[in-house]
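See structure below.
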Amino acid sequence: MSPVEVSNVFDTILVLDFGSQYSHLITRRLREFNVYAEMLPCTQKIADLHWKPKGVILSGGPYSVYEKDAPHVDKAIFDLGVPILGICYGLQEIAWINNTEVGRGEKREYGPATLRVEDKSCPLFANVDHSTVWMSHHDKVHNLPAGFKITATSENSPFCGIANEDKQIYGIQFHPEVTHSTQGKTLLRNFAVDICKASQSWNMENFIDTEINRIRELVGPDAEVIGAVSGGVDSTVAAKLMDRAIGDRFHAIMVDNGVLRLNEAATVKKTLGEGLGINLTVVDASDEFLDKLKGVTDPEKKRKIIGNTFIHVFEREAAKIQPKNGKEIEFLLQGTLYPDVIESISFKGPSQTIKTHHNVGGLLENMKLKLIEPLRELFKDEVRELGELLGISHELVWRHPFPGPGIAIRVLGEVTREQVAIARKADYIYIEEIRKAGLYNNISQAFACLLPVKSVGVMGDQRTYEQVIALRAIETTDFMTADWYPFEHSFLKKVASRIVNEVDGVARVTYDITSKPPATVEWE
């Protein structure tokens, strides 16, 4: 659904993003209590907004409102007649627009601080007591804007909370969206539900019915849809939703590129085709992919080769599909999620390319297809909930993500059948042990990498000189930041022993304890 379509069905809070690293969390927190929220850049012109929000939240940001090139909101938001909440930079923006001095504070406030609620009658602070909040600012408001009152303070922020209740404009200097603010979620609920009067109707049960009806209306009674599936949760949920909407008029294609997990193609065929009843074609193109990867060591080149080859294979197989009604395929299904949308529309704009994302965007232009993205408004946790409601198994719904380029970017250096086989078997053993230990659902993603270095070892009385496996496991809520998972040493010892003894060509196993940032989740 587009933002306009969603807002026509669900009450929506508009989050205007000034570039804070926490902006996406505002949207997540609101949805956690069933209020839909849409994030747009702070430069959004209200005249171009074709829907009316129930309220507006101004996010934090890394700028100073008094700087020459500082971003400022379209003042027309104050004419919408809806409640407004400014967070951190957002509070300073409200003060600045109201002709109040904002400048550099004598002391910075980064990290936890004690919030003192000074006006308990303020609806924003209903059921919010003196508590710990998360600060991240150096600038501060020097005077109280005309028509506003102080609602909260901290040791270093005399205007930690301000409000003009007649105009329903509120500002807070701290970040309620982060979990470090112990009562932040209550405050956001107060704003969205009690002040903005947004209905708490956003849930996956309602989404299913709404989205299926939208798909049927968009596709019509005759058109056919094609889409790629990988066996991952996103493509599987999107495919099942499409199957529920139009049945066999949806054609799923699974391409075996030779760098999938162990027995992946057979598993997908059984799970999606036989288990979920999805109209599925499985294509073995492993030789084609691996031949093109010969001699390639640069990770970006690997990604592009796999992406381009995928498009070629997909187009070729799509041409073989003959719709029962004799008409051409008109639509392409893509499992885009909301974090992808956020990355493209955030105030910072498209960030510097760290890695090329493997997707099927090139198919649209080449095949002249119309795009359907039924999951584009959803976060990962919402997709998982949706999957279970659609009858997809818990094991599949909670499966760890797997990159589009597959094991090709987990074999550092040249990708050969032999190297893929080593990495694949090590990964299988690692995941098997994680499942046996009951840790799989505690970990967001785990995998084994084959490093392009050799290490001396001893097996029996023989000297060995073989390769190194690096294990990686992370915990995260959104994959934008991540911490390494703290396995017990005994667990790592067991996994390392199995890999060295059961995987030919491996002499040493290491464990990656780098967080994101500075590292990315994948090694390539």
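Residue 1 is the first one shown; counting continues down the chain.
Every residue gets a Cβ built from N, Cα and C, even glycine.
DSSP gives C88 (active site, nucleophile) a coil state; it is part of no helix or strand. Around C88 (active site, nucleophile), the same-chain residues six or more apart in sequence whose CB sits under 8 Å from its CB are S20, S59, G60, G61, S136, H137, I172, Q173, F174, H175, listed in sequence order. The active site, nucleophile annotation in Swiss-Prot covers C88 and rests on sequence analysis.
Counting every protein chain shown, the Cβ of H175 (active site) has 23 other Cβ atoms within 10 Å. Secondary structure at H175 (active site), as computed by DSSP, is coil. Residues annotated as active site in Swiss-Prot, with sequence analysis given as evidence: H175 (among others).
Feature annotation from Swiss-Prot assigns active site to E177 (among others). For E177 (active site), the same-chain residues 6+ apart in sequence whose C-beta sits under 8 angstroms from its C-beta are Y22, L25, I26, R28, R29, I87, G184, L188.
Taken residue by residue with DSSP, S235 (ATP binding site) is part of a helix. In sequence order, G227, A228, V229, G335 make up the list of same-chain residues 6 or more apart from S235 (ATP binding site) whose Cβ falls under 8 Å from its Cβ. The annotation ATP binding site is assigned in Swiss-Prot to S230, G231, G232, V233, D234, S235, T236.
Annotation note: K516 (XMP binding site) sits in a strand segment as assigned by DSSP. According to Swiss-Prot, the XMP binding site annotation covers R303, D461, K516, E522, on the basis of similarity to another entry.
Residues or ranges marked as domain 'Glutamine amidotransferase type-1' in Swiss-Prot: 12-201.
If you look up Swiss-Prot, you'll see 202-399 marked as domain 'GMPS ATP-PPase'.
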Margin query: At a 10 Å cut-off from the C-beta of T236 (ATP binding site), count the other C-beta atoms across all protein chains.
Written below: 27
Next item on the list: Determine the most Cβ-crowded residue among the binding-site residues R303, K516, using a 10 Å radius around each Cβ and all protein chains in the structure.
Entry: R303
Notebook entry, point to check: Over the domain 'Glutamine amidotransferase type-1' (12-201), what does the predicted model average in pLDDT?
Noted result: 91
Next item on the list: In whole Å, note down how far the CA of K516 (XMP binding site) lies from the CA of G231 (ATP binding site).
Entry: 26
Item checked: Secondary structure at R303 (XMP binding site), reduced by DSSP to three states -> helix
